[in-house]
Each structure stands twice: as C-alpha cells, then as structure tokens.
Amino acid sequence: CFFFFSQLGGCGILGVGIWLAVTQGNFATLSSSFPSLSAANLLIVTGTFVMIIGFVGCIGAIKENKCLLLSFFIMLLIIFLLELTVVILFFVYTDKIDKYAQRDLKKGLHLYGTDGNIGLTNAWSIIQTDFRCCGVSNYTDWFEVYNTTRVPDSCCLEFSENCGLHSPGTWWKAPCYETVKVWLQENLLAVGIFGLCTAMVQV
C-alpha cells in the first residue's frame, strides 16, 4: 500500500529529526537570522507532514471515502506547486539569495564555539574539513570573529590542536560558500532527477 509506505517513510524522517534535535548533532542551522531553520527541525516538520498525508490517504483508501482521498490528492497538489514555486524563485533571485546568504553566514560565524551553539559549531567544522575550505568568502572572515589572525582548527591543511594559530600557509584557502555552491551545481542533475521522480510519485 503506497499510503502505508508513505506513513512509514514519514515516521522514519520524523525519528531522524527528533534524534538530531535531542543529540544536537552535526547538522544544524548555519544561519543567525533563522536559528530554527535547522536540519533537525526541517526533518521533524517534513516527517510529521508526510505522516499526516499518508494517514489521510490510507484511511481514505481503506474506507473508500472519496472526501478523504480528494483531500489527500489536493495536499499532494499543493506540495507539488510549492516545490515548483520554490525552484522558480530560487533561479530568478539567485544573485540576491547569494548576497543575503553570505552576509547571514558571516553573522553566524560569530556564534561559533559559543554556549548553546554546538550544532552550528559542529556543522562549520565538518564543512571546512570535508570541503577543504575556510570561512564564507575566505579565511579572513574568521579574523573578525576572533579579533586576531587565527582560524578554527578545522581550517588547517593538517589538523592538530591550536593549528589555527599558525601561519595562513597552513590553512585551506578555498571559500566555503563558493566551494559548496559548486558542489551543489555539479550534483544538480542528480538532485533534479530525484525531484522529478518525487514529483511524478506525488502526482
């Protein structure tokens, strides 16, 4: 039953979201303006929504209730239209989004390593280590955070304790924003195919 698997998938997504929220795991918001826009919260909202839709569809199919089935398909149509709108707006306002995102991410750097922001701290550490980059635009972004010439240890070519206090020659030079953006663009085809398949399943 498609509806059952939909509910099961929603339950799984919700479980992962709750687990991330409880553990304050590696994936968290990098935004200082939208602290609630974290991976955990997005997964919780998405999982809950998918479960509700699956439940409505499942009950409607079991009881052969036309009203519930109609509600199910209307909700799917709304989701599809929202996804389409978001994609269109993203491509239309790419430049403005880039400027705003970089400004907001730089503000978020000041929360790095502070109390209650372990999720953001872990997220930056993982991004800089995995993508071999440092800072939003470049490593000097961290100078404003520390008020001195230093960067987090995750910026180091070879990690060691307090290596962020060494010379710039020992740090990654690539800007994280552009590096991650290029990675996303290179994987856009795969994301697009996945989105298309999701849309087709929904319809």
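Note: Cβ is positioned from N, Cα and C throughout, glycine not excepted.
TrEMBL: automatically predicted annotations, no manual curation.
The range from 12-30, 183-201 that TrEMBL describes as transmembrane segment is residues 12-30.
Among the candidates Cys133, Cys134, Cys176, the disulfide partner that TrEMBL records for Cys155 is Cys134. For the disulfide-bonded residues given as Cys134, Cys155, the lowest number of other CB atoms within 10 Å of the residue's CB is seen at Cys155.
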